[in-house]
Structure formats: structure tokens, C-alpha cells
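According to TrEMBL, the protein carries these features:
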type	residues	note
DOMAIN	515-695	domain 'STAS'
TRANSMEM	72-93	transmembrane segment
TRANSMEM	99-118	transmembrane segment
TRANSMEM	164-183	transmembrane segment
TRANSMEM	190-212	transmembrane segment
TRANSMEM	218-237	transmembrane segment
TRANSMEM	249-266	transmembrane segment
TRANSMEM	278-297	transmembrane segment
TRANSMEM	333-353	transmembrane segment
TRANSMEM	365-382	transmembrane segment
TRANSMEM	402-422	transmembrane segment
TRANSMEM	428-448	transmembrane segment
TRANSMEM	460-484	transmembrane segment
């Protein structure tokens with residue numbers, strides 16, 4: 001570096017990959033085989049056993065550093081606040097699952113207890129999640145519809161409709177938990193990476209629309225059967241509009257009042273969160289008020305509104321899952337397992353970055369899998385994390401999962417002692433609370449204009465996922481969204497943005513020639529850049545882009561071979577000196593195309609043909625003004641066999657020099673025996689500038705600008 005100036009000067013030899021390897025010794029790295037990885041995976045010693053135990057029980061690690069004086073009071077305040085919200089959301093979200101409300105309290109208790117010991121996130125609040133509840137509700141209403149007979153499933157005999165639905169919900173939760181646990185044990189937590197933020201945003205927005213429609217029957221006081229499958233949302237809206245004249249005015253007034261008050265207070269909480277020690281628990285306050293007013297004025301009898309009703313005290317005995325239901329719900333259980341984990345992991349990742357600690361995706365899978373299996377045994381349904389509830393736990397000062405455990409204790413107290421106080425609570429209140437909490441997910445519609453301006457393929461993924469999930473249902477919609485996302489990835493790799501580079505004057509920097517004015521392009525030299533792996537799907541695209549650079553290798557090769565065939569005939573007849581009519585090689589017989597695709601062969605000819613000069617007998621072939629082609633493969637991470645064949649075609653088809661820059665593919669080419677007498681490692685260079693300096697040495701005249709732009713011709717005999 002020169003002092004006082006942002007410049008650097010480097011003096012070094014001109015390096016090809018071959019010469020660089022000769023001058024600089026490399027470090028030998030032992031490549032582990034598959035057998036080595038298997039042996040290492042199954043090797044066990046005292047240290048690894050200890051680390052495994054600590055990883056399976058993360059509570060041990062953070063309990064060692066727990067600061068009782070600094071964190072305990074914050075965790076207590078956070079646990080009480082979160083517990084009150086968890087009680088209300090447990091009752092409300094249970095309606096989405098088409099189950100009796102008190103089973104939501106089970107889901108807010110059992111999974112939380114086990115996650116306390118197995119989870120790696122210290123801030124998420126485990127329990128019912130509205131999207132999962134809705135997915136469970138679609139399975140429940142499919143197997144046990146509101147109208148008509150349930151499916152013929154072994155184990156339904158002698159059970160009431162509610163008991164059958166609880167059995168379905170707990171069984172599908174158990175199966176989803178098994179899938180999560182298996183993925184965690186097999187260390188496949190990376191699968192969540194295939195669910196991009198854009199896809200999750202579109203999916204959760206569609207889920208919010210489904211939730212909103214499903215809660216309209218409670219807000220309006222209508223009796224609407226639960227529907228599932230494609231276009232279920234449209235059919236549900238049709239039924240609601242047909243019954244709109246039967247709306248219960250009392251339910252509508254209660255719902256609107258709750259929604260307006262809760263919305264306003266939540267906005268005040270957001271605006272003044274820096275000044276409020278604890279957010280105002282407005283949902284809990286309004287629920288208590290509505291419950292008291294409903295009991296005092298006997299809304300159920302006087303106005304005919306639907307209330308929560310009888311809530312049994314205590315917990316029910318554990319129950320084994322139904323294997324017949326496993327067979328019926330396996331297809332729905334897998335997306336539940338993926339969505340539940342993906343949402344929880346996304347929220348956990350946000351808080352881990354904010355509070356500077358790490359989370360383990362595989363351990364999170366194990367934690368949620370075990371929690372769902374444990375909870376399903378006690379008749380709870382699938383658990384994940386609700387964004388609003390996690391925000392309450394973190395914003396009220398929660399430091400660890402001690403706050404989550406205390407929230408579970410609050411839920412347990414309600415279940416065991418004071419649950420009866422919630423019996424007169426109108427279901428319209430719960431529906432209103434659910435709708436208000438959808439604000440965050442529904443506001444994701446604002447992402448569409450932003451995505452369209454920034455990244456149109458991502459916008460297509462968002463819209464495709466959202467529309468498919470709304471129309472086809474959440475399970476099929478998620479599959480369709482994944483399909484759209486994979487197609488967008490494939491298209492980006494199959495049709496990358498190739499470019500022709502030029503030198504920025506006075507530097508060793510090469511940029512797209514379309515983007516800059518002060519550039520230098522030596523005559524006869526083209527630099528072609530492809531910014532993606534080259535494989536069977538895009539090798540034809542690669543060739544077509546080479547044609548745009550200035551020549552078609554295969555076309556030129558065929559025409560030269562046709563010209564050679566004509567020249568040999570003339571030599572054999574002794575008529576080479578006769579000037580006949582102009583011969584166009586396109587008129588030749590193309591019956592044997594395979595011979596024409598072979599490299600040009602100058603055997604049995606008295607001289608090597610100079611294709612840039614005038615040919616004998618007025619034979620015409622396409623002139624190639626490029627003598628050197630530089631392929632910038634710096635961004636090419638891998639090549640397959642189709643790509644190797646394509647590269648050889650480019651190199652051998654016409655007599656031009658091809659130079660390649662790229663650090664990742666040389667070893668692959670050696671392994672595949674790419675090099676021979678014609679194609680040698682000397683064509684590889686460390687950088688673009690090395691390749692261009694080498695070309696300058698070989699063709700000094702072509703890199704100088706001449707007034708008459710005369711082409712340099714070189715004849716080899």
C-alpha cells in the first residue's frame with residue numbers, strides 16, 4: 001500500500017494454474033470417505049457422551065449460568081403475564097381445531113413442561129399456534145364432520161362426537177411428533193431451510209385468511225359446518241352469506257366491542273412500549289369483563305348466544321393413539337410437523353440473534369417432537385409457538401424458559417381450580433380475540449409491492465403460495481408453494497445472467513461491458529462470464545449464449561469439415577488450381593452429421609488451412625474474428641458430465657484458444673480425465689488478468705488499436 005493514497009501495487013509473475021502449482025507447495029488434506037464418517041458417527045467416548053447429554057438437555061447448560069438476583073423477578077413477571085395470555089389463547093385457538101375449548105388448556109401446559117428441559121430457545125412461548133390449530137381442524141372435520149356420519153375408523157365405537165374429535169386430534173399430533181422426533185434424531189433439521197421467508201410469509205398470510213373466515217361463525221353467532229379440502233373457504237363463505245339473516249345481534253355487538261377495544265389498546269402498547277413496564281393485558285381484562293357481564297345478565301338464556309360451557313376440573317388420564325387414524329392422516333401430519341417446527345424455529349432464531357445465544361435446529365426438532373408426543377398422550381393437540389404470546393414473554397422481561405414453566409403453572413391453576421369461572425364466557429369473545437391477533441399476519445399483504453420492486457421471482461413465490469393455500473387448503477397449498485419455489489430456483493440456475501466482460505481502463509478489474517463507459521476490449525478476445533454451476537439443464541443455454549458472443553462453435557466446425565471434404569476432392573482430381581463458382585458449404589450433403597461434428601483433421605493435406613485467409617476454389621466458410629476466448633468460471637461451483645462434453649466441444653470445434661479462470665473445477669476436470677493432447681491444464685489461469693496478459697504476449701498486435709482495424713492473420717505450415 002502506498003501511504004496517503006488508496007492504491008496498491010503488486011509485482012508478481014504471470015501465473016497459470018499449472019505454473020502456480022509448480023511454484024507453491026500445497027497442503028495435503030486427507031479426504032474422509034463415507035466409511036470414515038460412519039465410524040466417527042458411531043464412535044463413543046466419555047467426552048462425546050457428556051456433550052451428547054448436555055445437547056439433549058440444554059436446560060443444564062443455561063441453568064449453570066442462571067442469575068437468580070437479576071433474572072428471577074423478570075421471569076416471574078413474564079411467566080404470570082404469559083400464563084394469562086396462554087389461558088385465553090388456549091381456549092380461543094381450540095375453536096380453530098373444532099374441539100371443546102378446555103382442551104386448549106392442555107396444549108398450553110403439557111408441551112411447555114417438556115420443552116423446558118429439551119428446548120434450546122430461552123424466549124419462545126410454546127403452546128397452541130393458530131395455523132396448526134386450523135390444520136388440525138381440517139383433519140378433524142374431515143374424519144368427524146359436523147353433519148353426517150364419521151369415517152369408519154376402529155376405536156370410534158361408543159364415543160361421543162367430541163371424544164372422537166379429541167381422539168383424531170391427539171392421534172395426528174402424536175404422529176406429527178414422531179415425525180419431528182425422527183427428523184431430529186436423523187439430524188435433518190436443514191429441511192426447514194427449503195421453506196424460505198417469502199414462502200412462510202405467503203403461507204401464514206393465507207392461513208390468517210382461513211382463520212378469519214373460520215371465526216366469522218362465532219362472531220356472527222351462526223351455525224356453520226366445518227369444511228375441509230380444496231375450495232373449502234369459498235364454500236364456507238357461501239354458507240355464511242346464505243345464513244347472514246340469522247345473525248345474532250348480541251354476538252356481533254360483543255365481538256365488535258372487544259375487537260375495537262383490544263385493537264386500540266394493543267396499538268397504545270406498541271407506541272408506548274418503551275414507557276410501559278409491562279404491556280397492558282387487554283385481552284385478559286376484556287375476557288374477564290365479558291365473562292362477568294355474560295354471567296350477570298344471563299346472555300345464554302336471554303339472547304341465545306353460544307358460551308364456553310362446562311369445563312371439567314383436572315386432567316384426563318393418558319390415552320394411546322389410534323393406529324387406524326395414523327393411516328388416514330399421515331399425509332396431513334407431515335406438513336403439520338414441518339410448519340410447526342419452521343414457525344417456531346424462525347421465531348426462536350430472531351430472539352437468539354437479539355439476545356446473543358445459539359439455538360440448535362436438530363435439538364429443536366427433538367424438543368418439539370417429544371413435547372407433542374407427550375402432550376398427545378394427555379389429549380392435547382399440536383404445539384408450536386404463537387408470535388403474539390412469544391412477544392409478550394420477551395417484552396415483559398422473560399430471560400429463560402423459567403418464564404415458560406411459570407406460565408404453564410398459571411394454566412394448571414386455571415385447569416385445576418378456577419376453570420369454572422370461564423363457563424359463561426361467550427365464544428364470540430374468543431373469536432374476536434383470535435381475529436384481532438391476526439393483524440400481524442394479515443399485514444403481510446404489504447410485502448407484495450416491496451417484493452415486486454425488489455425481487456419478482458420471490459414475489460411470484462409469495463403470491464403462488466398464498467393463492468394456492470387459500471384455494472386448495474393449507475396442506476396442498478404448502479406443497480404447491482414448495483413446487484413454485486423449487487421451480488424459481490431451477491429457472492434461476494438454468495437461465496443465469498451471463499455477460500461479456502471488458503477491462504476497466506488502467507486497472508486489473510473486469511466488468512460487464514454494458515455497464516461501463518471507460519472500458520478496453522482487445523480485438524479478437526472475448527471474456528465470457530457465467531455466474532452459476534454448469535450442468536445438464538443449462539448447458540444448452542450456455543452454448544446459446546456463446547453464439548451471442550460472436551460465433552457458433554458447432555456450426556463453424558461443421559462448415560469447416562465440409563470445406564475440408566471439398567478440398568480433398570479437388571486435390572484428388574487435381575483441380576485445386578481451377579477457379580470455379582463460389583461454393584457454399586450449406587449445399588453439401590449432410591447425411592453423415594457425426595463425421596462433421598468431429599474435430600477438424602488436417603492429415604493428408606500439404607498445408608494447414610488458414611481459415612482467416614481466402615480459401616482455394618472460392619470455398620466460403622464463416623469467418624471467426626475471435627482468436628481467444630476467456631471463460632470466467634469464478635462463480636462455477638461444479639460441473640457435470642454434460643458440461644464437460646460441452647466444454648470440449650467449445651475447445652475442439654474451432655481453432656481458437658480457450659482459457660478458463662475458476663478455482664473450483666480444476667480438480668473435478670482432472671478426476672474426470674478431461675485433459676488430453678489437445679486440452680491441457682495450461683489453459684487454466686488464476687485470474688482474468690493473468691489470462692489476458694498471456695493472450696497479450698501471444699497476440700501482441702491484436703491488443704493494440706489500429707486505425708484500419710486490420711485483422712492479424714497467422715498461417716501455420
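Glycine too: its Cβ is placed from the backbone N, Cα and C atoms.
Nobody curates TrEMBL annotations by hand; they come from automatic prediction.
As the structure is a computational prediction, the values presented were derived from the model and not from experiment.
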Non-local residues, at least 6 beyond the ends, that sit with Cβ under 8 Å of the transmembrane segment (278-297): 77, 81, 84-85, 87-88, 254, 258, 261-262, 265-266, 268-269, 305, 307, 392, 395-397, 421-422, 424-426, 429, 433, 436
Cβ-based contact of the transmembrane segment (428-448) with the transmembrane segment (72-93), 3 or more pairs under 8 Å: yes
Positions on the same chain near the transmembrane segment (218-237), where near means CB under 8 A and six or more residues out: 95, 98, 137-142, 145-147, 209-210, 243-244, 246-248, 250-252, 255, 304-306, 427-428, 430-432, 435, 470-473, 476
Two-stretch contact, the transmembrane segment (365-382) and the transmembrane segment (190-212), at least three Cβ pairs under 8 Å: no
Other parts of the chain folded back onto the transmembrane segment (72-93), taken as Cβ under 8 Å at six or more residues beyond its ends: 101-102, 104-105, 107-108, 125, 127-130, 133, 278-279, 281, 283-284, 287, 308, 386, 388-389, 392-394, 396-400, 402-411, 414, 422, 425, 430-431, 433-434, 437
The transmembrane segment (460-484) in contact with the transmembrane segment (249-266), cutoff 8 A, at least 3 CB pairs, sep 6+: no
Within-chain partners of the transmembrane segment (190-212) [C-beta distance under 8 Å, separation at least 6 from its ends]: 96, 130-131, 134, 183, 233, 338-339, 341-343, 345-346, 361, 434-435, 438, 441-442, 444-445, 447, 451, 458-459, 461-470, 474, 477-478, 481-482, 485
Residues from the same chain, set at least six apart from the ends of the transmembrane segment (333-353), whose C-beta lies under 8 A from its own: 120-124, 126, 129, 131-132, 135-136, 172-173, 175-177, 179-180, 183, 189, 191-192, 195, 197, 200, 203-204, 326, 359, 361, 364-365, 368-369, 372, 382-385, 387, 390, 394, 474-475, 478-479
Contact set, same chain, for the transmembrane segment (99-118): CB under 8 Å, 6 or more residues outside the stretch: 56-59, 86-87, 89-93, 125-128, 137, 140, 162, 165-166, 169, 308-309, 311-312, 315, 363, 366-368, 370-372, 374-375, 378-383, 401-402, 404-405, 407-408, 411-412, 414-415, 419, 427, 430
Distal contacts, the transmembrane segment (164-183) - CB-CB under 8 A, six or more residues away: 97-100, 103, 136, 139-140, 143-144, 150, 155-156, 189, 191, 319, 321-322, 325-326, 329-330, 332-334, 336-337, 340-341, 365-366, 368-377, 379-382
Integer average pLDDT (0 to 100) for the domain 'STAS' (515-695): 71
